[in-house]
Amino acid sequence: MTITISAVILAGGKARRMGGQDKGLQILGKQSLIEHIINRLQPQIHQISINANRNQTEYAKFGFPVFSDELPDFQGPLSGMLTALEKTKSDFILFTPCDTPFFPMNLLDKLKSAVKNDRTLIAYACDEEREHPVFCLMSVQLKEKLRHYLASGERRLLQFMKENGGISVKFTQEEGNFENFNTLDDLKKTVI
């Protein structure tokens, strides 16, 4: 089965635990978090977009299309995912958050191998400790189900995935890690 895939970096949140600062634009080392994400994604996939609900001019400077959620009021990652699924011309979208700069360099390959089965519409990352559903490969075939799920008031990402046959794909620490940065202190403590 040949499928087309694009990638979307989710940078549309409120970042409450970061004092409202736009996470993707915060500096880690000498680069913004979004630059770290782009640098890890580009060897894996060429067609990248950024989902951001503020500071769109800043995000556009990285040279990729930027779009905001169609649903108002920062309704969480599923809102950005729905907008992406509605806009894409690809069969699947690889989603990553903007605050997890050390994710595996084989993320796409491993998730793609899980969706080779025509019935698998979502594959998401996990490691030895827990699931990481924001790192996922999702089929556009799910956009109607996702629209209805959000309209019902639900926002739980992992629940949506499990209800729709999502498959977890295990990654080892050697492949990369899913440590994310939620506070400015987290960023200051990390040396790269």
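Count begins at 1; order follows the chain as displayed.
Cβ coordinates come from backbone N, Cα and C, glycine included.
Annotated GTP binding in Swiss-Prot involves Leu10, Ala11, Gly12, Asn51, Asp69, Asp99 plus, out of the candidates Lys23, Lys89, Lys110, the residue Lys23. Counting other Cβ atoms within 10 Å of each Cβ, the binding-site residues Ala11, Gly12, Asn51, Asp69, Asp99 show the lowest value at Asp69. In the three-state DSSP reading, Lys23 (GTP binding site) counts as helix.
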